[in-house]
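Participant: If you look up Swiss-Prot, you'll see 140-147, 173-177, 191-194, 253-256, 290-292 marked as GTP binding site. The Mg(2+) binding site annotation in Swiss-Prot covers SER147, THR175. Taken from Swiss-Prot, the feature domain 'EngB-type G' covers 132-312.
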Amino acid sequence: MEQLCKRYVHTPAAFIQNIVANTKRTTLATQLSVEKAKKKVPKTALKKKLNSRPKERLPNWLKLNDVFNIHYEKPSNSDINKVNRFFNKAKVEFEWCAASFDDIPENPFLNKKSHKDILKDHGECGTTLIDTLPEVIFLGGTNVGKSSILNNITTSHVSRDLGSLARVSKTTGFTKTLNCYNVGNRLRMIDSPGYGFNSSKEQGKVTLQYLLERKQLVRCFLLLAGDKEINNTDNMIIQYIHEHGVPFEVVFTKMDKVKDLNKFKKKVMSSGLMDLPTLPRLVLTNSLTSSTSPKRFGIDLLRYVIFQSCGLIL
């Protein structure tokens, strides 16, 4: 009887202990599984998130910036980012316009109250820096997109609103004078009258005189429409600035409108640009956004070349 009682007394206890032990093991296994799952979730989620992010679509013509400039060192991403930050944040001011070379003021700041304030803020050192700013000029045929390029350079890379720094017009030859813009008190950009149709002799004279006599000029950027042929006037300008030793680069605009890239490459190779001893850099851009070019590609490289031309790349 005593043994029978012991049997009924101890059996439930052992049974309960067994259940508790199994429960602990099950709980521990579950916790380990949960912990393991938690560790995997972030990586899996991150991977899915990265894979779900749409890839940026790059136009095929953009690769030609590397192909045509193989003799130049490709700028680092760090340098590109620094230059982009400068242009995106720099204050841009219209300084002067000139219909003749004699109209170009030697000290444009001294005649304006706002500019006097700038000089006062910077002191004597600031005056020296401002008065010796390097200048780059943009040259091109009528309606080639000079003003649009200026807006692209001086506004945010991702912005579709190009602003009104340099007025854009569909009327050919809109820019009638040399227009000067101060960019962050580090450099000046000059927008010139377009040559060709609807241009005047006076406009051509002031531009050519500026190219030959302006001491502050460090680089000329010749703009050619990518979707058009290089005409006789373009070739005359190229020959002129080359023979007179004016340092220049070539910017192809409206590349998003180029339908046949092979034909475009043949055009460039047969133009003689690649054979010039000075070997100008060729920069391909699209100044306006479209379905084929949703961003303004090539502008970051153009900004870098401008900065480099002005001796501002450290």
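For all residues, glycine too, the Cβ spot is worked out from N, Cα and C.
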Participant: If you average pLDDT over the domain 'EngB-type G' (132-312), what do you get?
Facilitator: 86
Participant: State which of the following binding-site residues has the fewest other Cβ atoms within 10 Å around its Cβ: LYS146, LYS254.
Facilitator: LYS254
Participant: Using DSSP and three states only, what is GLY140 (GTP binding site)?
Facilitator: strand
Participant: Which whole-number value in Å describes the distance between the Cα atoms of GLY140 (GTP binding site) and SER147 (Mg(2+) binding site)?
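Facilitator: Distance between the two Cα atoms comes out at 10 Å.
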Participant: Would you mind checking how many other C-beta atoms are within 10 angstroms of the C-beta on PRO193 (GTP binding site)?
Facilitator: 24
Participant: Around the C-beta of THR177 (GTP binding site), how many further C-beta atoms are within 10 angstroms, looking at every protein chain?
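Facilitator: A 10 Å sphere around the Cβ of THR177 (GTP binding site) contains 18 other Cβ atoms.
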Participant: Please report the Cα separation of PRO193 (GTP binding site) and SER147 (Mg(2+) binding site) in Å, rounded to an integer.
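Facilitator: Distance (Cα to Cα, whole Å): 10 Å.
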